[in-house]
């Protein structure tokens, strides 16, 4: 007649079930935001303690000056990668723009014309890249790999295979002058990071770039001008890289068609180390800045330690591989958080 009392079963609360996932997500977000900064701080502290003369004011200023070339191009490479594309032609654009600027200055003695010609030459290459990629829908890796060879060839043709010497001393002020004790190339980097950081995070254009990189088909269905956005980004990449080439020619006092070989790998490594996703849709200007400083610190330390060139290739390649692996790890974590 009496029934045995059954123990009452209680199902776990939904909030309790998702709490560990939220905790993991919070930890991952903290690592994702500050992890690369911690890596840089540990690296910088280690190099300061182990590498002679690394922390001297003169070397720090030299380090900042040495990363200006990578840094100036990384601010726009960030946009290219955020689209889910890539640009391997930047090193050739640097050489070509420097040669064009040097040739024009030597022929006309006009510094303004030379600078404008070099920058526009870079912009023209960027326009060709953008049209082929966005309008004709050719893979950006193939397009920019081909343009890397074409533009390098144009640099050799324009200079007849030799470096073009510059005699206009006014042109040297662009790369060698300073303001408030800080050289113009460093100032140009500061301006570049501020302007393009603002463009990425505070403007409709920047948000559209991230939207296109995150899901191009959805962006197209939402009415975004995907083709125009991609072409604009590649033109910006060309113009900024052209200016970087002109600045480098000013620092070297010549336009060299053989300069900056392999530069594109350093730029891409800095961006990926800084959290820019190779599949698009994710980018932060602060992360790119830290990535640039990491690349510069490693290169500076290798120079101070007189590391042989062939070992430097090995180390730079290893950094790029680690950056790609880290990017893959971040993507896996983002997928896990969405499940």
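Here the Cβ of each residue, glycine as well, is placed from N, Cα and C on the backbone.
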**OP:** Could you tell me which of the ranges 229-249, 250-270 is annotated in Swiss-Prot as transmembrane segment?
**Re:** 229-249
Original post:
Do the transmembrane segment (204-224) and the transmembrane segment (63-83) come close, with at least three CB pairs under 8 A (pairs 6 or more apart in sequence)?
Top reply: yes
Original post:
When you scan the chain for residues with a C-beta under 8 Å from the transmembrane segment (63-83), skipping those not six or more beyond its ends, what do you find?
Top reply: 90, 94, 140, 183, 185-186, 188-189, 192-193, 195-197, 200, 209-210, 212-213, 229-230, 233-234, 236-237, 240-241, 243-244, 247-248, 260, 263, 266-268, 270-272, 274, 276-278, 280-283, 285, 288-289, 291-293, 295-297, 299-300
Original post:
Taking a Cβ cut-off under 8 Å, which residues six or more beyond the ends of the transmembrane segment (138-158) line up next to it in the same chain?
Top reply: 80, 85-89, 91-93, 95-96, 99-100, 103, 125, 128-129, 132, 257, 264
Subject >> Whether the transmembrane segment (88-108) meets the transmembrane segment (306-326): three or more C-beta pairs under 8 angstroms >> reply: no
Subject >> Listed stretch, out of 113-133, 179-199, 306-326, that has the most CB pairs under 8 angstroms to the transmembrane segment (229-249) >> reply: 113-133
